[in-house]
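A.B. asks: Below are the structure tokens for one structure; questions will follow.
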Amino acid sequence: MADILGGSETPLVEDTVDGTIDHKGCPAKRSSSGGWRSAYFIIGAEVLERFAYYGIGTNLINYLTGPLGQSTAMAAANVNSWFGTSTILPLLGAFVADSYLGRYRTIVIASLLYIMGLGLLTLSAVLPFQSTFDCQNKHQSTSCSPPQLRIIFFFISLYLVAFAQGGYKPCTQALGADQFDGQNREENKAKSSFFNWWLFCLSACTSVSYVILSYIQDNLSWGLGFGIPCTVMIASLLIFLLGSKTYRYIIKGNEKSPLLRIGTVFVEAARNWRTSPSLKATEEVTQGTSPHQGSHQFKFLNKALPMQDYLEEGGDACTVKDVEEAKAVLRLFPIWWTCLVYGIVQAQSSTLFTKQGNTMDRSIGSGFDIPAASLQSIIPITIVLSIPIYDCIFVPIARALTRKPSGITMLQRIGTGGFLYGISMVIAAIVEMKRLKTAQEHGLLDMPNVAVPMKVWWLVPQYVMFGAADVFAVGGLQEFFYDQVPSELRSVGLSLYLSIFGVGSFLSGFLISAIEKATGGDGRSSWFNSNLNRAHLDYFYWLLAGLTAVGLAAFLHFAKSYIYNRRVIF
């Protein structure tokens, strides 16, 4: 360790961690910074943030179809759009953090915006936005539409939360991982445990959020249901700030942003598409300087390497390192787009699944109905119970069969999760067919406000299958996009993983809107009729099962030829 900071043999630097500083700007000491002492603060802050986030998103569709008076199709599309925005914006947040502000400052600023958004959201639910006229429609049992001002104020507040989440989400996990030195044997082991405990704690927290806040929102007050997440987010920021003096901060170099370097490679390759790279650079790529076995892929990017005359002019040209980084990122995109269908499927758990549950018998004992949204807690509970089984039973058995340290590869893990998502859609379709048949047998097709005499527990298997799928697919995607990007782009890698579910949510909203228009004209009942007893969610679930099968086939095709990027020189 004596040569970490430039070869000095001074004993004062023996306890420092290369490439990091403490809150005073001095080299970070291993004995007094980082490790679990710092990770606990970051995990605690993230757990509270997830409680606040899911406290808003879990029951959002019921707020839109209830107090805001939207149709099921419109509400589902709006929920998907909001969730999609909040999981795509981390790409922007990661870029700002890695290139300009740094992760710590980005988290603090995003937390303040988060609190502001949640506070405004609470106000939108409690302030008396009164209309200047009384509702004149006496023939409908539904409530009158709320004032337009209330709707506008609500959505501005909601998307401010999404914007803040875009800066918060990609930085917390990356900053937590930064607290462990990958070059130190013991800390490297602890880093692996950090990711396991991260998923475990967040899953346990979200299950509590689903149950408590959905009950408060449905039975007590929406203002209280939105106000509690605001208070919790304030506590999250305070916990994060308490750990400031213990954190290790990555030293930012003066070189160009890695995203700009990679972008420059594509620009230069396009500009030089008629020319050839210098012979020396090409030899470096294919022989010695870049030993990665995937260097022969995407050879067109080699055209970004400078010609000899450009080198002699001293231009700021692309290097072999830049080209290899660009190839590493480009290899990810076939996997990324084939997994988008998983995002489409996952979007249904907080929208249509919840609307299904609202129509069923949710009674427990005498006079108590469980909130339909609380069933979403089954997903994180399944994850919490499944992770020990996966680590302690599945992985050792798979390791004995495959001789791989992780049991199965990251792509095999993702593919297994995709298969389970498809099974969950098949189960959901069969249960919905049963629900529709029960409603018909009891003459409830035109009585949407009467509970179908079918226990809500019929929905449990599809939620359990979702949780099992998440253990494989979400865990695999998170590890894959963290591990396979250049080391300087870990925040961006995690953002790419999140964007799968963001884009998937947008695609889900687009599908719902398109099917609503195609099936709901000329007096027909659309697949997403607000009276779900006249709707056909089962048709939509069968469609998603088919799309999942197609997506899985495409994924397997690209996964078979994927070359892991474990030895790229950066």
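Placed from the backbone N, Cα and C atoms, the Cβ positions cover glycine too.
Straight out of TrEMBL:
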- 82-101: transmembrane segment (TRANSMEM)
- 108-129: transmembrane segment (TRANSMEM)
- 149-168: transmembrane segment (TRANSMEM)
- 194-216: transmembrane segment (TRANSMEM)
- 222-242: transmembrane segment (TRANSMEM)
- 328-345: transmembrane segment (TRANSMEM)
- 378-398: transmembrane segment (TRANSMEM)
- 410-431: transmembrane segment (TRANSMEM)
- 463-482: transmembrane segment (TRANSMEM)
- 494-515: transmembrane segment (TRANSMEM)
- 539-559: transmembrane segment (TRANSMEM)
A.B. asks: Mark yes when the transmembrane segment (494-515) and the transmembrane segment (82-101) have three or more Cβ pairs under 8 Å (sequence separation 6 or more) and no when they do not.
C.D. replies: yes
A.B. asks: Short question: which residues 6 or more past the ends of the transmembrane segment (149-168) have a Cβ under 8 Å from it?
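C.D. replies: Apart from its flanks, the transmembrane segment (149-168) reaches 49, 53, 56, 68, 82, 85-86, 88-93, 96-97, 106-107, 109-111, 113-114, 116-118, 120-121, 123-125, 127, 129.
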A.B. asks: Of the stretches 108-129, 410-431, 494-515, which racks up the most C-beta pairs under 8 Å with the transmembrane segment (463-482)?
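C.D. replies: Between the stretches 108-129, 410-431, 494-515, 410-431 has the largest tally.
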A.B. asks: At a C-beta cut-off of under 8 Å, are there same-chain residues at least 6 beyond the transmembrane segment (494-515) that contact it? List them, or none.
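C.D. replies: Here the qualifying positions are 73, 76-78, 80-81, 83-91, 93-94, 169-170, 173-174, 332, 336, 339-348, 351, 477-478, 480-482, 485, 526-528, 540, 543.
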A.B. asks: Does the transmembrane segment (222-242) reach the transmembrane segment (328-345) with at least 3 CB pairs under 8 A, where each pair is 6 or more residues apart?
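C.D. replies: Taking Cβ pairs at least 6 residues apart, the transmembrane segment (328-345) and the transmembrane segment (222-242) are not in contact, as fewer than 3 fall under 8 Å.
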A.B. asks: Could you pull out which residues elsewhere in the chain have a CB under 8 Å from any CB of the transmembrane segment (410-431), counting only those six or more residues past its ends?
C.D. replies: 335, 339, 341-342, 345-346, 348, 353, 356, 458-459, 461-462, 465-466, 468-477, 479-480, 483-484, 538, 541-542, 544-545, 548-549, 551-552, 555-556, 559, 562
A.B. asks: Please indicate, using numbers and ranges, the residues of the same chain that are 6 or more beyond the transmembrane segment (194-216) and have a C-beta under 8 Å from a C-beta there.
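C.D. replies: 39, 43, 46-48, 50-51, 54-55, 58-59, 173, 176-177, 179-180, 224-225, 228-229, 370-381, 383-384, 387, 391, 475, 478-479.
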A.B. asks: List, by number or range, the same-chain residues at least 6 past the transmembrane segment (539-559) whose CB is under 8 A from its CB atoms?
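C.D. replies: Apart from its flanks, the transmembrane segment (539-559) reaches 334-335, 338-342, 344-345, 348, 352, 411-412, 414-415, 418-419, 421-422, 425-426, 428-429, 432, 511-512, 515, 527-528.
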